[in-house]
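Q: Dumping the structure here so I can ask a few things about it.
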Amino acid sequence: MAIVPFELRGKSVYVAGHRGMVGSALLRRLAREDVRLVTVDRHEVDLCNQAAVFDWFAKMRPQVVFLAAAKVGGIAANATLRAEFIYDNLAIAANVIHAAHQSGAEKLMFLGSSCIYPKLAAQPLREDSMLTGPLEPTNEPYAIAKIAGIKMAEAYRSQYGSDFISVMPTNLYGPGDNYHPEYSHVVAALIRRFHEAKVAGAKTVAVWGTGTPRREFLHADDMADACVHLMKTYSGAELINIGTGEDITIADFAGMVADIIGYRGEITFDTARPDGTPQKLLDVSRLERLGWRATISLEDGLKRAYEAFLAGAPVPAQ
Ligand SMILES: NC(=O)c1ccc[n+]([C@@H]2O[C@H](COP(=O)([O-])OP(=O)(O)OC[C@H]3O[C@@H](n4cnc5c(N)ncnc54)[C@H](OP(=O)(O)O)[C@@H]3O)[C@@H](O)[C@H]2O)c1
């Protein structure tokens, strides 16, 4: 995988989704680069609105685009808001990628997800396993929309020579995560649940499933650093996974979150709840060949995430 240097210095850089967990981490990371940051709030430009997106790009003409806006959520959100997940994510990808092409953007990074890989693909998940088998049904609408975005970036590269690249992050967590009681991802859900249990003095916390599945987690600040690194060094049609290359059982992970939060009660496992796939780990060898590795340990990252949770909108005890 050859390194293809791309100069960010002096460029106008648009971060789509700048108020989100990854988008805000990208703003923090890009503040260390000599770039002109461009953002626009959703109430001014809804990225699902084609005319608004095309007009805004025609006016602003960003030279570099990080496409980190998406309709995002955990398993419950994906399983129930199926129409919103496919419509919003298709519309955002189609509008932003086409507008970037029309307005002459020099480079664009599309953020996909590890959900695009087949449910039963071999572990660790290699980038070339995309479209080799059926998807996990619960998040199929989201995954199909993400695959469409990847294929758009690839098609614009092949037809127009656009330098559009796609990256596939693992499970992310960190400041600005979504702590919605039903629609959050596992890290935010556990932080919230253990925090509430500690405050309420609860004696037990039930974690969904058997605790045996293995998952990989990457801090949003590492994610942002990897994105900036790849923007500067990678050009190609192939996907690049972004993760740590290490996984942990949900049981061990829950124990780590409980320790960090200071929850001293018992952790039980609600085996009536689904486990999902037994392991989800990304093969990060392409990323490592391009010269990047995660630096934030899971323990430090969780401490930082919990501090941000406490500083942000602490959830009242129930
Ligand atoms: N979180 C994960 O574990 C994870 C894992 C793999 C991949 N990813 C991918 O990483 C990217 C960033 O995810 P995230 O976790 O940062 O999500 P997030 O915190 O939910 O942020 C998403 C951002 O997109 C914006 N957005 C959504 N719909 C929009 C619309 N119609 N118009 C304008 N803005 C819109 C949101 O704006 P508002 O703030 O105004 O709502 C928000 O700023 C996404 O592409 C996601 O698919 C995330």
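Cβ from N, Cα, C; glycine included.
All TrEMBL annotations are machine predictions without curation.
Okay, these came from TrEMBL:
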type: DOMAIN; residues: 13-243; note: domain 'NAD-dependent epimerase/dehydratase'
type: BINDING; residues: 17-23, 111-114, Lys146, 169-172, His185; note: NADP(+) binding site
type: SITE; residues: Ser113; note: site 'Important for catalytic activity'
type: SITE; residues: Cys115; note: site 'Important for catalytic activity'
type: ACT_SITE; residues: Tyr142; note: active site, proton donor/acceptor
type: BINDING; residues: Arg193, Trp208, Arg215, Asp275; note: substrate binding site
Q: At the Cα level, what's the spacing in Å between Pro169 (NADP(+) binding site) and Tyr142 (active site, proton donor/acceptor), rounded?
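A: Tyr142 (active site, proton donor/acceptor) has its Cα 14 Å from the Cα of Pro169 (NADP(+) binding site).
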Q: Looking only at C-alpha atoms, tell me how far Gly17 (NADP(+) binding site) is from Cys115 (site 'Important for catalytic activity'), rounded to the nearest Å.
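A: The Cα atom of Gly17 (NADP(+) binding site) is 19 Å away from the Cα atom of Cys115 (site 'Important for catalytic activity').
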Q: Using Cα coordinates, what distance in whole Å links Tyr142 (active site, proton donor/acceptor) and Trp208 (substrate binding site)?
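A: Between the alpha carbons of Tyr142 (active site, proton donor/acceptor) and Trp208 (substrate binding site) there are 22 Å.
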Q: Checking the recorded positions Cys115, Tyr142, Arg215, Asp275: which ones have Cβ within under 6 Å of ligand 1?
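A: Correct list: empty, so none.
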Q: Once near-sequence residues are set aside, which residues in the chain of Gly20 (NADP(+) binding site), 6 or more away, have Cβ atoms under 8 Å from its Cβ?
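A: Residues satisfying the criterion: Ala68, Ala69, Ala70, Val72, Gly176.
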Q: For Arg215 (substrate binding site), which residues in the same chain are close in space, meaning a Cβ under 8 Å from its Cβ, but six or more apart along the sequence?
A: Asn171, Val186, Asp247, Ile248, Ile250, Phe253, Gln279, Lys280, Leu281
Q: For Tyr142 (active site, proton donor/acceptor), just count the other CB atoms lying within 10 A of its CB, please.
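A: Taking every protein chain into account, the count is 27.
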Q: Just to verify: the residue among Gly23, Cys115, Leu172, Asp275 with the fewest other Cβ atoms within 10 Å, which of the recorded positions is it?
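A: Counting other Cβ atoms within 10 Å of each of the recorded positions Gly23, Cys115, Leu172, Asp275 gives the minimum at Asp275.
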Q: Please find which two of Arg193, Trp208, Arg215, Asp275 have the most distant C-alpha atoms, given that the record lists them as binding substrate, and give only that distance in angstrom, rounded to a whole number.
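A: This binding site's residues have a maximal Cα-Cα distance of 19 Å.
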Q: For Ser113 (NADP(+) binding site), which of the binding-site residues Arg193, Trp208, Asp275 has the nearest Cα in space?
A: Asp275
